[in-house]
Structures are given as C-alpha cells and as structure tokens.
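Following: one structure in structure tokens, then a few remarks.
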Amino acid sequence: YCQKFLWTCDSERPCCEGLVCRLWCKIN
C-alpha cells in the first residue's frame, strides 16, 4: 500500500508511483 497523499507524516510507506510526496512533520 502506497501513500496517496502529497503531504504525509508516514515515512515508512513509499508514495504512489507518479506522485511526489513530502513529509510535513519530522520525527527525527
């Protein structure tokens, strides 16, 4: 299952192919 949201907080799931995602929160 890939990320469908362009802005996500889940760095463990890769984004869907063709979409550019950015982490809107930094855990580390």
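Glycine too: its Cβ is placed from the backbone N, Cα and C atoms.
Listed in Swiss-Prot for this protein:
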DISULFID  C2-C16  disulfide bond
DISULFID  C9-C21  disulfide bond
DISULFID  C15-C25  disulfide bond
MOD_RES   N28  asparagine amide
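The CA atom of C21 (disulfide bond) is located 6 Å away from the CA atom of C15 (disulfide bond).
Here the Cβ of C2 (disulfide bond) has 10 other Cβ atoms within 10 Å, regardless of which shown protein chain they belong to.
Rounded to a whole value, the Cα-Cα separation of C2 (disulfide bond) and C15 (disulfide bond) is 5 Å. Other C-beta atoms found within 10 angstroms of the C-beta of C21 (disulfide bond) number 18, with every protein chain shown included. The disulfide-bonded residues C15, C16 differ in how many other CB atoms lie within 10 Å of their CB, and the one with the most is C15.
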